[in-house]
Structures are given as structure tokens and as C-alpha cells.
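This report concerns only the one structure given below.
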């Protein structure tokens with residue numbers, strides 16, 4: 001017998017063909033992977049070489065003696081020096097070697113390290129301080145010091161222009177094609193770390209503002225959410241993948257940009273000095289102001305985008321900052337956010353942060369911070385839902401469960417009782433409808449009642465009006481506080497207070513009396529409150545106001561407009577225009593005829609009894625020669641009876657604006673007139689000759705005869721005692 005047969009089955013020829021193909025594929029794959037790894041290592045090595053050469057070329061070569069050596073190396077070097085011949089250590093040779101070392105141009109990297117070029121970085125402890133180095137006397141600082149101021153300024157301008165061109169090219173490339181150029185945002189963001197001390201501050205400011213404008217342009221109109229793991233694993237179209245990469249890059253770069261701005265503000269607040277010393281400590285304030293401005297712009301422009309709440313958390317504490325410029329910027333930005341917010345989400349988040357800040361500071365905050373809350377768009381407050389949500393749940397039967405156990409007649413009576421109760425509740429709460437949807441947020445506010453007077457319950461109106469009247473009559477309030485109280489009263493009466501039968505005559509008299517306190521000084525800022533009060537007192541309540549009262553206010557407002565700032569005069573004249581349209585018979589003040597008996601009493605503080613119908617608006621004739629062109633236009637318009645058409649009518653731009661808007665538009669807080677005021681004409685004054693040339697001939701003859709008679713006359717004072725009184729004292 002032959003050898004035992006092997007039990008292992010021999011592979012067939014077909015199977016050998018299949019397995020051979022697999023082996024060949026595996027070999028090809030392994031070869032490709034090896035080639036890729038080798039190429040990757042080569043690219044890394046080349047990249048490290050370029051970085052090392054680039055860093056060494058820009059750095060100042062340091063002498064070899066400035067680097068500490070290990071003890072073993074020092075011993076070896078000493079032994080090597082001892083073994084050398086003595087003639088190599090002469091002073092002349094050492095000096096010659098020193099000169100050669102100074103002129104060495106082959107030094108392209110750190111010569112102290114014995115490792116490869118791409119080795120690890122040196123530790124800071126391995127380097128001797130620069131003040132112990134005496135080798136290279138020619139440095140960059142000394143070169144700059146040798147330059148004249150004009151040369152240094154020229155060099156700085158050249159560098160700054162180069163940086164500006166770089167920023168402009170990067171920003172334009174990103175805005176023109178954001179999907180393919182989103183990676184360039186990182187290059188632009190690197191400009192925030194400019195290291196050249198001569199242009200660092202300016203370049204960083206320009207980079208901040210440029211990035212802000214770029215993000216405002218390329219940010220989408222929706223919030224970008226992170227992708228889930230399932231969404232990342234799903235295959236999508238090429239366009240969708242490009243969009244995802246763009247959104248991911250945009251969110252990451254936007255986050256890094258906001259972190260840079262926040263860090264700039266923190267360095268300024270905490271007074272941290274950077275090791276790089278590229279930016280002087282005195283320049284931190286300017287950089288922080290630009291950073292705050294960028295955050296404010298992004299807060300208003302991108303309220304829907306990511307990290308909006310983070311911006312709010314950064315800006316709200318700065319509203320109470322001692323630096324007025326920073327505080328005003330933050331307050332204005334949040335005020336604009338409140339006015340533009342229609343959904344209420346951003347306003348709710350902001351108010352919560354403000355409330356936490358105020359409580360943490362024990363209510364010791366600036367008034368501007370609380371005044372910002374007046375811009376909130378709160379129309380109504382729904383208290384029931386909050387009370388029901390906070391109340392503990394009871395396990396009693398509900399109305400629906402009770403109705404199921406009632407009979408048909410009992411259900412009918414139940415329904416009638418519910419309808420009656422609902423009607424009474426609606427009358428008590430003075431609400432229009434039970435099903436009215438309230439979309440705004442219910443807040444616990446700490447602000448002046450004049451802005452939220454419409455939210456006060458009707459039950460407190462009488463007591464509140466009595467309290468406000470006592471405060472005004474006490475005389476302890478300032479002019480601004482008194483105006484706020486009056487504004488609160490008429491805001492109440494113009495809303496739910498219409499159902500109350502209250503005649504606020506005393507408040508009209510107090511307001512009429514306060515108008516004379518306004519002038520072009522500090523009280524000019526109170527004109528906004530006055531204009532709002534006039535709108536609530538005269539225009540909205542024109543059916544409850546008498547003609548005499550309206551004419552008295554028009555006359556007094558025209559009087560105070562003579563000595564107000566131009567924007568205040570424009571606002572007051574616009575309020576007079578609205579009053580003349582509401583009371584058409586106010587055109588009596590444009591005539592010289594007397595309407596009724598009596599005389600006008602301007603010093604009387606009662607508008608009903610000052611007889612304003614017996615005066616005329618002579619102030620309009622004076623205001624027609626005002627230096628501000630808009631004031632002149634309004635004066636001409638009112639003197640013609642405030643017509644809606646014709647040559648004396650106002651333009652559409654002026655007629656459609658409210659008095660408050662006109663007051664803000666023509667403000668001169670920036671020390672500039674809007675529109676510009678023409679300079680006074682340089683006409684030469686006419687010089688009048690003195691003498692008879694300008695007098696009438698007959699008049700001149702009489703004057704000369706009288707003068708000569710007076711000169712020839714002699715006074716006899718003794719004749720007054722001796723002669724009778726009938727005889728003249730003057731004798732010729």
C-alpha cells in the first residue's frame with residue numbers, strides 16, 4: 001500500500017483563480033498604502049523644514065554661548081579644549097572668530113540643538129536671557145532706532161497699506177464666493193493676532209470690523225443646528241454636502257471670532273499684560289471699544305443666528321460699565337433689539353440676564369440700564385396662565401367631570417350661569433375677548449410706570465391718580481419726574497381709563513405751568529416727554545378738551561419755541577400743527593381781531609381762563625427769520641393756517657413724521673446741524689453820512705432854527721423868584 005491519502009481537500013482550479021485575484025488585490029492595496037504613507041511622511045518632513053527655515057530666517061541669530069549646555073557636554077568641551085594646541089587660543093584668533101561669527105550668513109536654524117530640524121521646540125529654561133548676550137550688536141531694534149522719525153513713519157505707512165490690501169482682498173474673496181472661500185475666514189481672523197508693534201493696534205481694529213461686516217453678509221437667515229450621527233452617516237448630494245461644509249465652517253469661525261472679541265474685552269477689564277508686548281497696555285481700551293461695537297452690531301443684525309445668547313451675556317454687564325461710551329453703546333444696542341424683536345424670545349433672554357445682573361449688584365446700577373427696558377414692546381400681560389402654572393395641582397373634580405354627572409336641565413342652568421359669570425368677568429377686567437391670543441412675554445418689570453401704565457388694573461386707577469396728584473403738588477419732584485407723572489396719568493386715561501369719568505383739569509394746569517421751565521439748556525432733553533404728553537393730552541383726547549384750553553397751549557408752545565434748540569423748536573411747531581388740525585378753530589390766533597371780551601393774560605397758569613383767544617401768534621413772524629431752515633419752513637406753514645395742499649404745504653418727508661421723530665432726526669448732539677446751516681452773509685454794511693444829506697429840507701431848517709434859538713437863549717434863575725409865574729423865565 002501507498003502512503004495514506006491526505007484528508008484535506010485540494011482546491012479546484014476555479015477556486016485557485018478566485019483566491020489568486022483576491023491576493024493580487026490585497027497586494028496592490030498594501031503597496032498603495034505604503035506609497036501613500038511614504039509620500040505623507042515626505043510632505044510632513046518638507047513642511048517642517050520650510051517652517052524651520054522660515055522661522056530662522058525671520059529671527060535674529062543668537063550666539064552659541066547664550067544657550068546652556070548639559071554638564072556632560074561642558075566636560076567634553078573642556079577636555080577637547082585642553083587637548084588643543086595653545087596657539088589656537090590666542091586673543092587675535094578669538095577676535096577673528098568673533099568677527100566671522102557676526103558675519104555668518106549660513107545660519108538658518110537653531111544651532112544649539114543637535115537633533116533634526118523638525119525636532120521639538122526648545123524649552124524656555126534652556127535659553128539664557130537676552131541681556132546676558134553681547135555677541136550680535138546689530139539688531140532690528142537698533143536698526144529702527146537709527147532711522148529718522150520720517151523714515152519710521154514712512155515704513156509704518158508702507159506696512160499698514162500692505163495689511164489693508166490683504167484684509168480687503170480676503171474680505172472681498174469671502175463675500176464674493178462664501179461657499180468655496182469659507183476657509184479664508186481663518187486667514188482673516190489670523191490678522192487679529194498681528195505681532196508688529198508699529199501697526200498691531202490699527203490692523204487688529206480693521207480686522208475686527210472687517211470680520212463683523214463679512215459675517216453680517218454671509219450669515220444665513222436661519223439658525224444652524226449641529227448634525228446628528230445618523231445625518232452624518234447618510235449619503236447626500238454634492239450640493240448638500242457643500243452646504244453642510246459651509247455651515248460647519250461658518251459656525252466654527254464665528255465662534256472663534258466671538259471668543260477673540262470676548263478675550264479682548266476681558267484683557268481690558270482685568271488689565272492683563274500680554275507677553276508678546278505687540279500691543280501697549282494703553283491701547284487695550286481702544287481695542288475693547290471696537291470689540292464692544294462689533295458685538296453690538298452683531299447683536300442687532302443677527303438676532304436669529306447662533307451664539308446670540310452668548311453675546312447678550314457679554315454685553316449686559318457692560319451696560320453698567322463706568323466708561324460712559326461703552327455703556328451707551330450697549331444700552332443703545334439692546335434698546336434697538338427690544339424695538340425690533342417681534343417674537344419676544346430675544347427680549348425674554350435679555351430681560352432675564354438684566355434681572356440677574358441687577359439682583360447680583362443689589363440694585364446699585366446705572367439709570368441708563370433700567371431706562372433701556374422702556375423700549376420693550378409689551379402690550380398686555382396674561383397673569384392667569386402664570387398663576388395657574390405656579391399653583392399646586394388639586395385632585396378635585398373638574399367642571400367637565402361634574403357636567404357628566406348632571407342632568408339635561410342642570411346642564412342648561414349651568415351653561416347660563418357660566419355665560420353670566422363670564423360676562424361679568426369681562427366687564428371687570430375690561431378685556432375685549434376671552435380668546436384673544438397674547439404672544440408677548442409676561443415679565444416682572446422694574447421701570448417707570450409711564451411706559452407700562454396700560455398694564456395696570458382698573459381697580460387701582462383712582463388711588464394711583466390721587467397719589468400722583470399729591471406728589472406733583474408737594475413740589476418735591478424735579479421737572480423731569482413731574483413730567484413723567486403727568487405722562488403716566490394721560491397714558492392711563494388714553495387706554496383702559498376711557499371708561500372712567502375723570503376730568504384731569506389739575507394735571508392740565510400743572511403741565512401748562514411746567515412749559516415755561518423749558519429752555520435751550522439742560523431741560524432741552526425733557527422736550528421728548530413734553531411732546532409725548534401733548535400727543536396724549538390734546539390730540540388723542542380732542543373730544544374732551546375745550547377750544548380755549550387748546551388755544552392756550554398753542555400760544556404758550558409758540559412762545560417757548562423762540563428760546564429752544566432747533567430740534568426742540570421743530571418738534572414743538574409740529575405739535576402745534578397737529579393741534580391746529582385737531583382744533584380747526586385755532587386759526588383765530590392768526591388774526592388780529594379780538595374774539596370775546598378780556599385781554600390775554602400770559603402770566604396766568606390756568607389755560608381755561610387766560611383769554612388766549614384774544615391774542616395772536618406773533619412768534620411765527622419772528623421764527624420765519626430763524627437760522628434753521630426747517631424751523632423757517634414750519635413757521636411759514638403755520639402762519640398760513642397749516643394747509644395740506646398748496647405752496648405753503650409741508651413736504652411729505654416732514655408731514656408724515658411725528659413730533660418725537662422730528663426731534664430725534666434734527667438733533668444736534670453731534671454738534672452738527674441737519675441740514676447744514678448757511679454761514680452768515682459777508683455783505684458790507686452801508687455807511688450812512690452824518691449831516692443834512694439824509695434829512696428833509698424843511699425838517700433840517702426847523703432843526704437848525706431850534707438849535708440856534710437854544711444857543712442864543714440865556715437862562716435867568718433869579719427871575720423865577722421875582723417875576724410872577726405867568727411871565728416867561730427865558731428872555732431873549
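From the backbone N, Cα and C atoms, a Cβ is placed for every residue, glycine too.
Annotation comment: TrEMBL describes 1-17 (among others) as compositional bias 'Basic residues'.
Annotated region 'Disordered' per TrEMBL: 1-60, in sequence order.
The compositional bias 'Basic residues' annotation in TrEMBL covers 40-51 (among others). The DSSP breakdown of the compositional bias 'Basic residues' (40-51) into helical (H, G, I), extended (E, B) and coil residues amounts to 12 helix, 0 strand, 0 coil.
Per TrEMBL, domain 'Nucleolar complex-associated protein 3 N-terminal' is recorded for 163-257.
The annotation domain 'CCAAT-binding factor' is assigned in TrEMBL to 483-635.
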- [ ] Pop the mean pLDDT for the domain 'CCAAT-binding factor' (483-635) in here, whole number is fine.
- [x] 87
Open item on the list: Just to be sure I understand, if DSSP states are collapsed into helix, strand and coil, how many residues of the domain 'Nucleolar complex-associated protein 3 N-terminal' (163-257) fall in each?
Closed with: 68 helix, 0 strand, 27 coil
